[in-house]
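Step one of this worksheet: look at the structure below.
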Amino acid sequence: MYDKSRSNKVYGGYEKAPNRAFLKAMGLTDDDISKPLVGVAVAWNEAGPCNIHLLGLSQVVKEGIRELGGTPRTFTAPVLIDGIAMGSESMKYSLVSREVIANTVELTVNGHGYDGFVALGGCDKTQPGLMMSMARLNIPSVYMYGGTTLPGNFRGRDIAIGDVYEAVGAFSAGKITAEDLRIMEDNAIPGPGACGGLYTANTMAMLSEALGLSLPGSSAPPAVSSDRTKFAKETGRTLMKVMEIGLKPRDILTFEAFENGIALLMASGGSTNGVLHLLAIAHEAGVSLTLDDFDRISKKVPEIVNMKPGGDYVMADLYRVGGTPVILKKLLDRGLLHGDTITVTGKTMAQNLSEYKIPEFKHDHIVRDLSNPFLPSGGIRILKGSLAPEGSVVKLSASKIKYHRGPARVFNSEEEAFETVLKKKINEGDVVVIRYEGPKGGPGMREMLAVTSAIVGQGLGEKVALVTDGRFSGATRGLMVGHVAPEAAVGGPIALIRDGDTIVIDGEKGRLDVELSDQELKSRAKDWTPPEPRYKTGLLAQYAKLVTSSARGAVLV
């Protein structure tokens with residue numbers, strides 16, 4: 001039996017005849033209204049390719065819902081395309097959109113009394129925003145990813161969008177021609193779907209499987225594949241099954257499920273944004289998760305995946321060898337995954353993986369065995385020290401160097417740093433420090449992809465490091481340390497750094513320090529005054545007042 005108590009409160013009984021009249025105006029019958037009314041939350045717009053196909057997929061999801069006796073109602077959630085906003089003031093709205101998406105789903109689902117919902121996402125912040133709404137509302141719900149784009153092509157080799165960002169730096173350094181840059185621009189994204197490498201979108205899709213919120217194997221199929229369509233229908237059917245047994249997101253999102261997510265994040269070398277978003281989803285689920293949990297698991301889970309930006313392959317390649325379950329099964333077999341966590345199938349993680357058919361051909365060029373990893377520890381490390389007492393995050397899998405000691409070059413905004421990099425005024429050995437770009441200071445904690453890609457494109461990726469209280473795109477590579485907390489806007493040590501101060505990044509020891517005495521830092525702190533808020537009205541001003549530290553997931557309180 002389905003629980004219709006939520007929709008009955010809005011549409012049931014003679015006194016709700018006016019409410020039902022609105023549904024009948026759209027062609028619904030008494031029989032339709034008597035069934036579970038379920039939402040299909042689609043993060044859709046025409047701003048970019050990541051989500052352009054999701055309305056079509058939502059129709060297939062609705063077919064699956066109808067097959068098992070539900071009445072689906074589609075609604076949209078806002079989308080901000082990070083790749084388009086990147087490197088501009090618009091990027092300040094990116095992380096903000098995560099919270100807006102979660103709020104939008106809550107508003108629509110609770111405002112219309114839906115009995116459950118499917119969440120369908122594509123671009124970077126749509127996915128954590130939707131998963132946060134699932135955890136917050138805690139009614140039967142299932143997540144589905146819209147799929148990745150296929151690899152692009154440049155003179156016969158596969159490329160992804162990260163290659164275009166780096167090409168901007170290469171062009172500014174005279175290493176490629178304007179024609180090369182144009183060809184890459186024209187061919188990097190060949191059609192619908194999210195960015196092809198193991199950037200934030202694909203990272204979050206994989207994590208949805210590890211958490212148990214989406215169907216096994218559903219994260220890897222490209223947007224244009226027939227498997228994507230099959231998963232759409234099965235996702236709709238799965239929602240009705242979940243509703244029948246009364247399974248809710250918080251039954252799935254246990255502490256052990258988040259440990260599974262962290263283990264996959266470390267083994268895959270996924271986006272550092274995965275840290276921020278897992279913390280935020282856990283917050284909504286009422287699960288106590290900290291950076292120490294990431295640090296602990298990172299030390300015992302090797303990185304075994306060879307995907308861009310640190311590696312060679314894209315999500316479509318992982319799909320061909322079996323998808324995310326290939327990685328999860330290796331972790332389970334080694335005892336690095338909790339097999340008893342429940343998932344949206346109603347079965348445990350171990351049961352799902354035992355039933356999933358993995359192609360029987362060689363795949364160690366993309367996914368290695370744990371006995372022969374690409375890195376002996378996780379692809380992401382948590383760094384703490386005098387420059388980041390609460391913590392910071394670095395993606396070691398995307399850097400050939402793990403240690404750097406050098407003089408600080410301090411900038412108070414991304415724009416200042418980017419202009420200096422393009423003018424080739426950054427020297428080998430420098431540590432570029434970009435501050436006042438944190439959750440409160442930006443506000444919005446922008447991703448520094450334009451700057452990091454320009455550094456790499458100029459050939460300085462192994463000779464220069466970067467430290468920021470902002471974030472990084474999943475496409476970032478090089479020794480780039482982000483999420484520095486406390487941030488500059490609240491007087492964190494990063495606010496006290498001056499040009500020429502020596503900064504030490506030690507990825508293997510998990511340290512981020514500035515070579516200054518405690519006495520000197522305290523002296524500088526006395527002279528520091530908080531900057532005026534950059535925004536006095538509007539959404540960004542509201543966000544800056546409510547947002548917490550990146551060490552807590554930059555959630556709102």
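Using N, Cα and C of the backbone, Cβ positions are placed for all residues, glycine too.
A quick note: this is a predicted structure, and the numbers were derived from the prediction, not measured.
Taken residue by residue with DSSP, Ser473 (active site, proton acceptor) is part of neither helix nor strand, so it is coil. Over all protein chains present, the Cβ of Ser473 (active site, proton acceptor) has 31 other Cβ atoms lying within 10 Å. Annotation source Swiss-Prot lists active site, proton acceptor at Ser473.
Within its own chain, Cys50 ([2Fe-2S] cluster binding site) has Val79, Ile81, Gly83, Gly122, Cys123, Thr126, Gly146, Thr149, Gly193, Ala194, Cys195, Ala201 as residues 6 or more apart in sequence whose C-beta sits under 8 angstroms from its own. As annotated by Swiss-Prot, [2Fe-2S] cluster binding site applies to Cys50, Cys123, Cys195, with the evidence given as sequence analysis.
Per Swiss-Prot, the feature Mg(2+) binding site maps to Asp82, Asp124, Lys125, Glu447. Summarising the environment of Asp82 (Mg(2+) binding site), the number of other Cβ atoms within 10 Å of its Cβ, over all protein chains shown, is 31.
The Cβ of Lys125 (Mg(2+) binding site) has 29 other Cβ atoms within 10 Å, all protein chains considered. In this structure, Lys125 (Mg(2+) binding site) belongs to neither helix nor strand by DSSP; it is coil. Taken from Swiss-Prot, the feature N6-carboxylysine covers Lys125.
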Length of the line joining the Cα atoms of Glu447 (Mg(2+) binding site) and Ser473 (active site, proton acceptor), in Å: 6
Ser473 (active site, proton acceptor) versus Lys125 (Mg(2+) binding site) - Cα distance in angstrom: 11
Length of the line joining the Cα atoms of Asp124 (Mg(2+) binding site) and Ser473 (active site, proton acceptor), in Å: 9
Cys50 ([2Fe-2S] cluster binding site) - helix vs strand vs coil (DSSP): coil
